[in-house]
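Quick look at what TrEMBL annotates:
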- 156-327: domain 'Helicase ATP-binding' (DOMAIN)
- C386, C389, C429, C432: Zn(2+) 1 binding site (BINDING)
- C395, C398, C416, C419: Zn(2+) 2 binding site (BINDING)
Amino acid sequence: MKHNQWIRVALDVPLAGPFDYRVPESLQAIKGQRVLVPFGRRELVGIVLETIESPSYPEDQVKDILMVFDDLSPLPQDWLDFGLFAASYYHRPVGEVLLPAMPSALRKPGSYTGKLSKGGPVARLDRRKKTAIALAPPEDNTHVLNEEQQEAVDAVLAIKGFKTVLLHGVTGSGKTEVYLHLALDVLTKGKQVLFLVPEINLTPQFEQALLARFQQVVGLDGIAVLHSGLAEGERLKAWVAIQRGQARIVLGTRMAIFAPLQQAGLIIVDEEHDASYKQQEGLRYSARDLAIWRAHQLDIPVVLGSATPSLESWQHANVGRYLKLTLAKRAKTTYMPAIKLVDTKQIKLEQGFAPVVLHAIRERLERGEQSLVFLNRRGYAPVIHCASCGWMSQCPRCSVYTVLHRMPGHGNVLQCHHCGYYGRVPVKCPDCGNQDLEMLGRGTQRVEEYLQAAFPQACVERIDADSTRLKGSARKLFDRVHSGEIDILVGTQMVAKGHDFRKLGLVCVLNADAMLFSSDFRAPEKLFAQLAQVSGRAGRHVAGGEVLIQTAYPEQAVYQALIRHDYDTFANASLEERKITHLPPFSHQVLISAQAKTVNQAMQFLLETRQLLASQPQLSGFQAAINMYDPVPLRIVRVAHVERAQLLVESASRPVLQAFLGHWLPLVQEIGKRHRIRYFTEVDPLEI
Ligand SMILES: [Zn+2]
Ligand SMILES: [Zn+2]
């Protein structure tokens, strides 16, 4: 009797499969192992999904596998099942889910031999440990919970098996302390904890908190960190520690949801509303949503924490599907920061600042407190412009304006934020020759420059994607903010999330209105979340925290809810609107985005796919339950010479939508092949 003679393998190729292989008698391959297989002219590493009775195509066409990797124990069944679920839900080949989840060293023929070179996370954690001790705030070592926190911890610990918990805690209410108490309980029971955080920049802060608290419980090797900013060796080492069950705490960004946990006891998703949990390329998954499925699969609790939960989660909590726990009070200070609206309609701004805002910054400086100036627009000026003929700096490859950037050592350049195009700044108007080109608007660079000039005695720094491009530079900048060295911090959304700046008293928001009139139905929800987040940086440890939001529309509901710190009313009113307009969470959506040389080609393809619903007999049963919108060009129609359009599909029922996709997408694929068009499918899209 021969066993394991035929196997089905997951491969990271853009083909549906299945890929069946023969195991030669000299080898043995079992489910969950990595194998090396011939594929066309290449050799690829795949994962054994199952052993099969017979291959799905003629035996003489089935090739032999070349090698079995036994450097790691096989990936567990639940991990394979998790990948299969994600593949079916997002309608992608399973190999595109499973293999990219692993470090590349495990996907390359012959590069991992079961030995790890010194220098991976251990050395890195050693460095972190020293920093952690240096930064550990002394009064934090008491770890005493207030009443609300204790009730939240008790409620989660009382859960047996699977339950989704929505921990709604105002900014500064000490959600982290709740997480840490829960984690300790799980660790002492010998189980693993998976912590998801939205930003790479937040992992050091969590890592420090976890190390300070748990190093003696789990040891230095007991914490594995997974995010895309890791060096390959670091990622491999973390993965191996998880797969071997040595890592007891797994901390990471969205990719960590695919960690091959061995004995998970709890999953925590911090800032669950954050858009970073959504992968925007390849497999377009939501790590938050997958975390709930994973917890259900493993029969363990999952805690979703946020000050401004997504309306999806809020609705689930409202109807009792999630357990809602509330932290309404701040842990370290008595008060929430006072949020005030500065009406900019009637006043003259000085370089984008209302006089009252500049005055407030000056006062904080004199009191030795920090101020944060929040502006979600990087670069120096968003566009340059000719006043005599109306010329604007436009990207030659995209339908957007290029942004003026000051590059230290390189002078000024025009940069496209969509395709990465760089161009010189013209000395005169390319259309009319006018030499007086003007800058319109301001970005973080220009604001930083102005504040340096206005407050020469202050230390002004900027944190955005440009100032933190070099590896480790973000961390250094944040350390300088934490140490109190920086007086005025100018930043984009990078500074809004999670950071616990101890000396920060004032937050000023400059261009909030930019998001008010977006066509995206989630824009008010995102604006509320973003402003609540950035406001929450003020006065976490000092009394008298204040937030000044410059706006020309102070009467807008989102601002009125913000100044009252009233997320509940805002969320419930928004949900009422969504219900009336049949938008998520009251419907479920799928987006098909097509890319072509011309927008007409993209539209033509989408129109054809849309017509299938009425013309194909096998889809007729879905007509009543599926709503397809008209295809539309994207707001930014052209990026890097490619024009884009999209088609939105909607249903009140998730199972019906999934069943429809199962029938419809293969037909879409055929049309796509015929049109030779690039398109992607996004289930539960976040941006429309
Ligand atoms: Zn001109
Ligand atoms: Zn461009």
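Numbering starts at 1 and runs along the chain as it is shown here.
Just so it is clear, glycine is given a Cβ too, placed from its N, Cα and C backbone atoms.
Taken in sequence order, the binding-site residues C386, C398, C416 that lie near ligand 1, meaning a CB under 6 Å from one of its atoms, are C386. Here the Cβ of C429 (Zn(2+) 1 binding site) has 19 other Cβ atoms within 10 Å, regardless of which shown protein chain they belong to.
Note: the Zn(2+) 1 site is recorded as C386, C389, C429, C432; in the same chain, A387, S388, G390, W391, P430, D431, G433, N434 also have Cβ atoms within 8 Å of that site's Cβ centroid. Just so you know, of the binding-site residues C386, C389, C398, C419, the Cβ with the fewest other Cβ atoms around it within 10 Å is the one at C389. Cβ neighbours of C432 (Zn(2+) 1 binding site) (same chain, under 8 Å, six or more residues apart in sequence): C386, S388, C389, W391. The shortest Cα-Cα distance from C429 (Zn(2+) 1 binding site) to any of the binding-site residues (C395, C398, C416, C419) is found for C395. Model confidence over the domain 'Helicase ATP-binding' (156-327) is summarised by a mean pLDDT of 93.
C386 (Zn(2+) 1 binding site) falls within a strand segment according to DSSP. For C416 (Zn(2+) 2 binding site), the Cβ neighbour count at a 10 Å cut-off comes to 21, with all displayed protein chains included. Of all Cβ atoms in the shown protein chains, 23 besides its own fall within 10 Å of the Cβ of C395 (Zn(2+) 2 binding site).
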